[in-house]
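Below is one structure, written out as structure tokens; comments come after it.
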Amino acid sequence: MHLIHPADERVRPTPLADRVAWLRRLSGRRWFRVAVLAGLVAALEVLVLEGWIRGARVPPWDFLGAYAQEAYWWWAHGGFFDPVSWIPAVRGGYPSSLSLQNSAWYLPYGAVAAVVPLTPWALAFLSAVHVAFGSVGAYLLVRRHGVSFLAGLFAAAGWFFAVGAFSNAEHPDIARGYAWLPWVLLVASTRWPWRRWWSIPVATLVLWQATSGVYPGMLVAYACIGAVWVVLQQVQSRARFADLLLPLGIGMVAALLLSMVRLLPYALGNDLSGVRAPDASEWSWSMLLSLQFGYDYGFYPNDISMRSFFIPAAVLLAALFARPGSPLTRLGLGILIPAALLGLPLFPWFDALQQLPGLSLSRFTMSDFKVFMLFGVLLLAASAVDGFVRHRAPLPWQRTRVAAAAAVVVLLAVGGLLARIDLRDYALTLAVLVASAALVLAVSSGRRDLAALLIVGVVASGGLWAYSNRGPWRTDRVEAELGRFDGLVGELVAATEPQAGDRRPGRTPLPADVDLDGIRSTEWNVAYYTGEAALGGYLNLKGNTYFEALRSAISEGDRAEQLLAFLSRPGTAITAAAFDEGCAEEACGGVRVTPVAYEPERLEYELQATTAGAVVLNEPYYRGWQAAVCAIDACATSAPTATDGLVTVDVPEGESRLTLTYATPGLGTGWLLFWAGAVIAALAPAILWFSRRRRAGPDGRGEIDA
């Protein structure tokens with residue numbers, strides 16, 4: 001008989017105590033891992049993107065064009081629940097709903113705009129945040145698919161240097177496509193915690209904001225490859241309908257409905273029958289050199305922002321050692337291969353694919369699908385690193401993989417020589433490439449103690465590449481703003497005063513000898529910040545019939561000079577007959593105009609017409625204009641027509657009051673659909689809970705699998 005002291009009874013572990021202790025240890029590990037991940041991402045942000053964060057540097061070129069100005073105007077002069085309908089700043093004015101790339105409805109921009117104006121500094125800071133966001137998303141995606149902590153950090157570092165964040169920094173919506181991709185793939189997987197009450201609302205938020213913030217052409221690629229991803233997830237996990245397809249479908253429907261407040265006005269207000277430019281993607285085998293080398297050489301095709309296929313050396317080489325049978329290996333190949341087949345113009349079916357629904361929306365199909373090719377390589381590399389750490393058994397075809405890694409190094413060096421690249425400029429790049437190859441070979445051969453150095457290799461390769469190719473993503477902010485706008489944007493915004501009055505002010509006229517390039521110059525876009533209005537300016541409404549008609553009329557039509565003069569006047573109207581005779585001002589207009597009230601989307605005039613007939617206003621015509629004409633005895637409402645791209649309205653003889661209002665087509669219906677999506681997302685947890693309760697067995701433990 002063994003006696004137990006009462007004190008020993010009190011300290012004896014119990015199952016509950018064991019559970020609590022285990023949770024404490026687990027919680028400690030989790031917080032440690034969170035701290036390490038946060039430290040890694042924060043360190044990379046400071047080392048690589050500190051210029052964006054401090055405001056000393058910003059992306060160049062298009063970043064300082066309409067991307068920045070439209071976002072500033074939409075959030076400064078309206079906002080989420082009071083959206084701007086008409087923007088008068090450039091090209092005579094235009095509906096905000098027709099610009100899908102203006103960052104309207106995109107909540108990260110709205111959150112910053114609630115604190116500070118969306119100046120280029122603020123937008124560059126947001127770009128840096130998106131790079132970190134994408135890096136964390138890559139970590140979570142691979143970790144949720146069962147890889148080790150080290151492999152997760154490897155993926156986070158690799159996707160921090162996702163090529164689009166740098167080469168496409170001038171195009172925020174394309175760069176955002178790289179940041180949102182791992183999050184979208186995560187919520188479209190069985191590894192998303194669909195049984196949590198918050199899973200569908202958060203998934204809806206992710207899908208909705210990705211739809212709002214990503215370049216439209218990339219969204220088509222998201223849809224195509226995303227469908228493949230979901231099929232792979234379903235086949236790989238054999239999940240029940242209620243475990244993936246049902247909640248994901250609910251989230252997708254809710255996200256689509258939330259997006260209708262943006263997409264429906266675009267569809268209803270647009271006439272896309274205009275000529276669309278053919279796809280501009282070109283392929284050259286020399287582009288494989290951009291896997292490691294710079295991409296500003298003349299022998300590359302395509303725009304400089306669309307050329308690079310850079311992958312950090314350690315990621316590129318580790319992908320060759322992906323472990324067969326790993327879920328990430330299958331998923332990586334599952335998105336890499338179809339993305340290449342659909343996106344690379346080297347295949348004979350590329351042109352035919354452009355006829356498929358949606359694929360003709362973008363002129364840069366290769367760039368749209370490239371993000372999936374590169375992310376597929378990252379998944380293969382994460383699978384390999386996880387195998388290095390967890391498995392001692394040698395990989396099948398190990399010698400073949402080693403030979404392939406060596407061949408990659410040799411072919412890149414030889415290719416650089418054949419392309420007449422001065423390899424002396426890339427001595428460090430080649431050194432990091434060779435060192436990464438040696439490290440990958442060592443770790444794959446059993447030196448697991450060196451695996452952590454793979455992350456160092458990723459950072460070295462990515463950082464060296466980024467700073468060796470600074471032009472596309474980094475320029476001095478002050479110099480850029482002064483050179484583009486003759487002033488600092490923050491000061492211009494602070495000095496802006498509201499323009500009050502009963503008549504629309506005149507627009508900044510164009511030079512007499514201006515050509516199309518002069519009209520499209522971004523120098524006129526300063527009007528977004530000053531509150532003035534301009535006839536010129538860079539604006540991307542390509543394919544819109546009304547936009548193209550007015551552009552053609554003022555740049556190459558017989559009445560170009562007359563139209564420019566008429567549009568530059570303060571708000572007014574002349575008879576259609578006077579307009580046909582070349583009149584461009586009230587003095588010869590055949591109608592007396594007395595302004596009554598003005599807002600950007602609403603103009604009101606007292607008219608005195610000698611005869612009944614049509615009058616032409618110096619406002620660009622787009623779908624959505626509504627005219628109310630009130631004479632002494634009656635009022636009539638009508639939809640204006642277009643004359644050479646200008647609003648035209650029929651008025652009676654004598655005195656009348658004309659009220660011209662721009663109402664965004666479909667906005668009311670869009671809001672109804674938006675709130676329907678919000679209700680679905682909010683009620684989805686309860687719906688699924690009742691559904692699961694109904695399917696549960698008598699003992700409440702769920703269905704019995706056969």
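Please read every residue number as a count from 1 along the shown chain.
Any Cβ shown, glycine's included, is placed from N, Cα and C.
Summarising the annotation, TrEMBL assigns transmembrane segment to 31-53 (among others).
Here the transmembrane segment (106-133) has long-range neighbours at 41-42, 44-45, 49, 51-53, 55, 57-59, 63-64, 67-68, 71-72, 75-76, 79-80, 160, 162, 165, 169, 172, 175-176, 179-180, 183, 209, 212-213, 477, 480-481, 489-490, 493, meaning same-chain residues at least 6 beyond its ends whose C-beta is under 8 angstroms from one of its own. Residues or ranges marked as transmembrane segment by TrEMBL: 106-133 (among others).
Note on the transmembrane segment (145-166): residues 33, 36-37, 40-41, 44, 48, 127, 130-132, 134-139, 174-175, 177-179, 182, 189, 191, 308-312, 314-315, 318, 327-328, 331, 370-371, 374-375, 378-379, 381-383, 385-386, 389-390, 451-452, 454-455, 458-459, 461-463, 465-466, 469, 472-473 of its chain, located 6 or more positions outside it, place their CB under 8 angstroms from a CB of the stretch. Per TrEMBL, the feature transmembrane segment maps to 145-166 (among others).
Distant neighbours of the transmembrane segment (214-232): 100-101, 171, 173-174, 176-177, 180-181, 184-185, 188-189, 244-245, 248, 330-331, 334-335, 338-339, 342-343, 358-359, 361-365, 367-369, 371-372; these residues of the same chain sit at least 6 beyond its ends, with a Cβ under 8 Å from one of its Cβ atoms. Annotated transmembrane segment per TrEMBL: 214-232 (among others), in sequence order.
The transmembrane segment annotation in TrEMBL covers 244-264 (among others). Sequence-distant contacts of the transmembrane segment (244-264) (same chain, six or more residues past either end, CB-CB distance under 8 Å): 83, 97, 100, 104-105, 187-190, 194, 199-200, 203-204, 207-208, 211-212, 230, 233-234, 237, 666-667, 669-671, 673-674, 676-678, 680-681, 684, 687-688.
Outside the transmembrane segment (304-322) by six or more residues, the chain places 154, 157-158, 161, 163, 167-168, 170-171, 174, 281, 287-288, 290-292, 295-296, 328-329, 332, 364, 366-367, 370, 373-374, 377-378, 380-381, 383-385, 387-388, 395, 401, 404-405, 408, 432-433, 436-437, 439-440, 444, 454, 457-458, 461-462, 465, 469, 471-472 with a CB less than 8 A from a CB of the stretch. Per TrEMBL, the feature transmembrane segment maps to 304-322 (among others).
Among the features that TrEMBL reports, transmembrane segment is placed at 331-350 (among others).
Under the heading transmembrane segment, TrEMBL lists 370-389 (among others).
Per TrEMBL, the feature transmembrane segment maps to 401-420 (among others). Remote same-chain residues near the transmembrane segment (401-420) are listed as 286, 288-289, 291-293, 297, 299, 316-317, 320-321, 395, 426, 430, 433-434, 437, 440-441, 444 (criterion: CB distance under 8 Å, separation of at least six residues from the stretch ends).
Taken from TrEMBL, the feature transmembrane segment covers 426-443 (among others). For the transmembrane segment (426-443), the list of distant contacts is 292-294, 313-314, 317-318, 321, 385, 388, 402, 405-406, 408-409, 412-413, 416, 450-451, 453-454, 457, 460-461, 464-465, 468: same-chain residues at least six beyond its ends, Cβ to Cβ under 8 Å.
The transmembrane segment annotation in TrEMBL covers 450-467 (among others). For the transmembrane segment (450-467), same-chain residues at least 6 beyond its ends with a Cβ under 8 Å from one of its own Cβ atoms are 40, 44, 47-48, 150, 153-154, 157-158, 160-161, 166, 292, 310, 312-315, 318, 385, 388-389, 428-429, 432-433, 435-436, 439-440, 442-443, 473.
The transmembrane segment annotation in TrEMBL covers 671-691 (among others). Proximity of distant same-chain residues to the transmembrane segment (671-691), defined by a Cβ-Cβ separation under 8 Å and at least 6 residues beyond the stretch ends, is recorded for 197-201, 204-205, 208, 242, 246-247, 250-251, 253-261, 264.
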In terms of Cβ proximity under 8 Å, which residues at least six beyond the ends of the transmembrane segment (31-53) contact it?
59, 124-125, 127-128, 131-132, 135-136, 139, 149, 152-153, 156-157, 160, 455, 459, 462-463, 466-467, 474
